[in-house]
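> Okay, handing you the structure first.
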Amino acid sequence: MRSPSEAVTDGAHSAANGFVHHHTEEPGTQNGHVGTPASLHDTAQSLVNRRKPDDVQANGIQSTKNVRNKNDIINLSPGLPGFSVAILGSFMLLWPPATVAFFWLACHSYQCSLGDLGGVVRSKITDGTIIDFARQVFPEVNAGAIKLYSGWMLLQVVLFVALPGRIRRGTATPAGNVLTYKCNGISAWVVSHLLFLILVKKGFIDATIISDNWGALMVITNVFGFSLALFSYFKAHYFPSHREDRCFSGSGFYDFYMGVEHNPRIGPFDFKLFFNGRPGIVAWTLINLSFAAKQYKDFGYVTNSMVLLNILHGTYVVDFFLNESWYLRTIDIAHDHFGFYLAWGDTVWLPFMYTLQSVYLAQNPVSLPWWGCAATLFLGLAGYLIFRSVNHQKDYFRVEMKTNGKCMIWGKPARYILAPYATTDAEQKHSYILASGWWGLSRHFNYVGDLLNALSYCLACGFGHVLPYFYIVFMLVLLIHRSFRDDVRCRQKYGVFWDKYCQMVPYKVIPYVF
């Protein structure tokens with residue numbers, strides 16, 4: 001899920017256990033080769049009969065020479081017995097919404113104290129009244145909240161389709177399709193925020209409209225996320241956009257969770273590009289502003305920590321949309337199929353779990369000393385600059401090697417490995433694996449920038465509660481999991497050449513530590 005953020009060898013922030021984060025470039029996407037999808041636990045083996053694209057353009061798609069029939073559709077086995085997949089799949093569909101609800105209730109009724117709520121839940125389970133308790137605390141859904149979310153989604157769809165933007169090509173899909181995308185996210189973000197400010201200024205809405213309806217919005221987004229995943233599942237079976245890029249495992253739970261279609265579209269509306277950024281990430285900064293307004297409404301002031309958090313989150317979000325075309329190479333777009341973990345993760349997990357710090361600060365004002373504020377700002381900006389520099393270095397290296405056949409990194413000739421590999425249709429290709437500069441320090445040094453960013457968001461909240469620090473724990477688990485997953489993929493793709501690279505760059509993320 002982030003992803004924010006988006007995350008693999010060339011980026012960061014994507015999905016941990018299926019929940020979206022952004023900034024995550026797939027290591028196996030060089031030269032249009034896409035790595036194999038991940039199972040619920042590990043990387044699963046994809047039996048893909050790829051086709052080489054020709055020069056025909058149609059509806060934003062560079063079509064394939066040969067379209068596979070239904071029997072040629074990708075077969076992805078989760079590698080687990082059917083019963084195990086059903087049990088695990090049920091768990092993966094239940095714990096994420098339960099986690100979101102638990103954190104919401106902690107902030108709504110227990111001043112964001114996970115311990116206090118946990119104690120109440122344990123006592124209710126012990127005395128057998130947990131169901132009654134759940135009914136009592138279930139948020140009330142009102143017509144205003146439904147109109148708010150419906151209007152928000154409609155606005156984002158209109159902006160996505162109507163606003164002009166740069167046309168960019170994505171990477172080749174497993175079947176060889178090369179899709180084009182209109183990248184207008186930054187325009188949509190600006191228009192959305194200007195419209196919000198105008199409506200508040202004119203008195204049509206309160207600045208706290210989002211925070212005032214937070215519980216109802218949690219229910220509505222959950223219903224929408226599950227409905228979107230269900231619609232995508234049936235669409236993949238009965239009217240897919242690209243039949244040859246579907247992926248079936250034989251398990252309904254697995255297919256619903258991980259997705260069947262690679263790039264579902266309805267006309268010009270691309271599900272992945274839209275849901276990856278528009279409903280959740282555009283809303284991210286608006287949610288923060290609304291909870292800042294709530295802090296002012298309840299306490300009569302806005303703390304420096306809330307301002308700092310808005311700056312740090314705003315920097316990430318604006319950067320995301322300014323570099324939207326770069327994200328076409330990330331794991332969410334280039335690799336993952338569109339199922340529950342993207343549909344629900346983008347619409348529920350991201351807006352509710354990535355904004356925990358602003359929700360916390362709205363109820364627990366924290367005034368940082370000037371040096372604490374400065375240090376946290378420095379840490380966050382340093383993380384952002386490291387993240388951007390690391391990814392820019394690899395992009396620069398690719399361009400230089402493609403155009404000049406050589407490259408200078410940090411004033412020295414770049415060290416790299418020329419790693420040949422074969423696609424599934426036996427076509428021979430090669431990749432340049434950079435082992436200099438940032439990429440010589442560790443195989444995922446961009447994750448260091450992500451972790452510094454995540455830590456700065458949490459530190460802005462002080463040390464009164466553990467809840468704001470969920471984000472750094474989540475990111476740490478996500479990126480460690482991703483580093484192991486990437487190694488498996490790249491070793492499968494490059495074989496001994498990846499082993500040689502690992503000898504040159506022995507550390508996965510943090511030099512001399514991990």
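Each position is counted from 1, following the chain as shown.
Just so you know, glycine gets a Cβ as well, placed from its N, Cα and C.
Note that the structure is a prediction, hence the values are computed from the model and not measured.
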> Of the ranges 179-199, 494-514, which one does TrEMBL list as transmembrane segment?
179-199
> From 279-298, 299-318, which range did TrEMBL mark with transmembrane segment?
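Range annotated as transmembrane segment by TrEMBL: 299-318.
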> Using a Cβ distance cut-off of under 8 Å, indicate which of 214-234, 299-318, 338-356, 368-387 has the most pairs with the transmembrane segment (179-199).
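Of the candidates 214-234, 299-318, 338-356, 368-387, 299-318 scores highest.
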> Determine which residues of the chain contact the transmembrane segment (338-356) at the Cβ level, with the cut-off under 8 Å and only residues 6 or more beyond its ends counted.
1-5, 15, 18-21, 92-93, 96-97, 99-100, 103-104, 107, 218, 221-222, 224-226, 228-229, 232-233, 255-264, 271-272, 275-276, 279-281, 283-284, 287-288, 291, 313, 332, 467-468, 470-471, 474
